Amino acid sequence: MAAQAQQDSAVDSEHDPVRPVRGDSAREDSTREDSVRDREIDVEQAHLDRVYRRLEEKIHEAEFLMHDAAQRGHVGTPGALAERDAQVFRAGIHLNRLNNEFEDFLFGRIDLLLGKDGKKGPDGAYTAVEPAEGALGPDDTADIAETLHIGRIGVLDEDYAPLVIDWRAPAAAPFYRSTPVDPGRVVRRRVIRSKGRRVLGVEDDLMRPEITARLNGEELAVVGDGALMAALGQARTHSMRDIVASIQAEQDQVIRAPAASVTYVEGGPGTGKTAVALHRAAYLLYQDRRRYAGGILIVSPTPLLVAYTEGVLPSLGEEGQVAIRAIGSLVEGAEATLYDSPATARAKGSSRMLTVLRKAARGALEPADSPSLLRVVAFGRRLELEAGELAGIRRTVLGGTAPVNLLRPRARRLLLDALWQKSGAGARHSDPELAAELRSSFDEDVSSEDSFLAFLDAWWPELTPGAVLAAMADERRLGRWARRVLNPGEVRKVARSLRREGHSVHDIALLDELQAIVGTPARPRKRREQDPLDQLTGLEELMPQREETQWERAERLAQERTEYAHVIVDEAQDLTPMQWRMVGRRGRHATWTVVGDPAQSSWSDPDEAAAARDEALGTRPRRRFELTVNYRNPAEIAELAARVLALAMPGSRSPSAVRSTGVRPRFTVVDESLAQSVRAEAARLLGLVDGTVGVVVAMNRREEARRWLAGLGDRVVALGSLEAKGLEYDATVVVSPAEIADESPAGLRVLYVALTRATQQLTVVSCERDEPDASGVPDLLRD
Ligand SMILES: Nc1ncnc2c1ncn2[C@@H]1O[C@H](COP(=O)(O)OP(=O)(O)OP(=O)(O)O)[C@@H](O)[C@H]1O
């Protein structure tokens, strides 16, 4: 990057001399530091201006392509039309990306020593990770041999030299991987803050503080205290931000892990699992866009977390091929809106349900009003099949495990066989050909008779998953299907819950399972009316392209997609066995990234869920990673949460908090009204932080908690404990730890989640039930 270095030094020469890398005296001179900062900002501004000029050229090219492609449409031949569609599609994507990524898209820079072998990669940067032998001179001096700028997409100059390296390219890896312990070739790592076309600031980290490095004869300047702390201290909004400028080395290992088989990531609260999962999706698409044209599915535990995270991928320039779905929205046409009590959820989520559903699907074929007599007239005779005979036929048909809807043709055939037997007509002809003819006209007669058709519809109805679930709302019938699998209490709860209007998140997995159990009957294909001209010209083949542009096709395919090339499961510890089966069906041939934290599991039987997970992932080899640093909670809050972790999962390790704020969690005790205490605390915190405040209560209080906060504005939200999964706020109020912990068998782990949501301040409000001590610290949180 000699051209780059020259340009930097041209800007440098108009300013103060560069601040030396070392020397405390220079740091004390704040005026001087400001001028160094301004000068360094100017350097980056000059580079950004150059990048923008190049981007504008690229945009003009893309616009020209679109225009040119539209012109081709006038030619009118099918070939030209198809080509036009393809060009518009490609140019559209290109233009869209360029426009999208204009905001804040240049964010990093690394200054590197000479590399070992002097080889360049496809992005024009040197590939060596380690410095060449002579890169460091005597007295620990060195020259910067290469400067790379890192951004959301790669931009080459007119000579194909890199102006910006895509953050996902191999050449950008040192930006994330380099640490003072293992710096590789990196001397200085810089994060650039920009908005639109303006550079606002720079923050540097020195990876080799022991050396004196020169860039074009000038000593390398260092500005600021690093970008990570600046990013972590920022106020939170209701949307997650990308971390592309400050990904840490252990996170980068996960993001860039090869997509073979299963990448399994564990880490405590705030270690960046969700952020890493999202960046990994963007990385995989960059790496192998063709392979992931089959789509990437990200499964999230709640719609709230989907809403919180869905801006991250567009900010990284990726949309369209990634579907982020809540676990309750995976089934087309059904949406989870209800909650189940912990005991009901436990029964519905358990793999025991599989046996119940299989029986229910077969049982639902026989509603109470199922006909018990078939009567038809054939060949002038009245023929009947009675209840016992019908039951025998049903038993024979149901002998196998095939989906019941697919068995209907077989049931029809056996009914006709039985009626044929009764008719005695088989004995009339000894000539097999005549007998077959007679039989065929018998079948035709009977099966076109209205009474037969009506009987078949009532006796072997086409089942929908919804209809089977509705049948399970009848406690008596469910009791029969669940005998020796669910206990009577569970049967009562499940049946009662299914009588409500709507579905719970656990019902969605049951619906999906039922779809597999009942099957989708093949529909007779409707023949398209043939235009005689089509046959003459062969135009029919090309018609779909004329009727549907490639854009529309891509959209339609995305919507219809039921299987994916890569599946990412966030908060994997929460999936129930039935949910693992549902997600597994969407990734039968996929590679996987599974991120989670067993200590935050709200599922009561982690062993059962782990077995279901292993079944869904099959025998694919696992590659394991662990994230160990908590970027969300200050040490003061992490320390308090660790007390609950010790109770919830004795022996497990908390991640270490990366910063401390000096602000200790606050404890208050309700004196008169819970509503007033919580409201007052939320209002107080709103005055202290710039961003959001989350109030976390036991699930059964969430409606009333919303009323407590009415009128306080949209910076504050009330959440049930299970809804808080994955979210974060500047400040949180956790209401009655005892209530949250007693809610379910996994209550202590849910409390651990609630206590780890705050980035700055935490208040715990206790009631009598929490047995607070004189300082207001509830029993569960005492040392
Ligand atoms: N490298 C980083 N640079 C800046 N911020 C980071 C970094 N890593 C994580 N964070 C921030 O830390 C917070 C926690 O990240 P994230 O929500 O991904 O953690 P998590 O492991 O999924 O947490 P939980 O298990 O509690 O859901 C987020 O605000 C995220 O932006």
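Just so it is clear, glycine is given a Cβ too, placed from its N, Cα and C backbone atoms.
Note: TrEMBL annotation is automatic and uncurated.
According to TrEMBL, the protein has these features:
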REGION    1-39  region 'Disordered'
COMPBIAS  12-39  compositional bias 'Basic and acidic residues'
DOMAIN    246-634  domain 'UvrD-like helicase ATP-binding'
BINDING   GLY267, GLY268, PRO269, GLY270, THR271, GLY272, LYS273, THR274  ATP binding site
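Overlay of TrEMBL feature records on the structure.
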residue	record	contacts (Cβ under 8 Å, 6+ apart)
GLY267	ATP binding site	LYS273, VAL595, ASP597, GLU626, LEU627, THR628, PRO655
GLY268	ATP binding site	ASP597, ALA599, LEU627, THR628, ASN630, ARG653, SER654, PRO655, THR756
PRO269	ATP binding site	ASP597, GLN600, ASN630, ARG632, ASN633, ALA641, PRO655, TYR752, VAL753, THR756
GLY270	ATP binding site	ASN630, TYR631, ARG632, ASN633, ALA638, PRO655, ALA657, GLU728, THR756
THR271	ATP binding site	LEU627, THR628, VAL629, ASN630, TYR631, PRO655
GLY272	ATP binding site	ILE243, GLN248, GLN251, LEU627, TYR631
THR274	ATP binding site	MET240, LEU305, THR309, ASP570, GLU571, VAL595, GLY726
Notebook entry, point to check: Within 8 Å of the centroid of the Cβ atoms of GLY267, GLY268, PRO269, GLY270, THR271, GLY272, LYS273, THR274, which other residues of that chain place their own Cβ, given that this set defines the recorded ATP site?
Noted result: ASP597, LEU627, ASN630, TYR631, ARG632, PRO655
Check: For THR274 (ATP binding site), what is the secondary structure by DSSP, using just helix, strand and coil?
Finding: helix
Check: Between 0 and 100, where does the mean pLDDT of the domain 'UvrD-like helicase ATP-binding' (246-634) sit?
Finding: 86
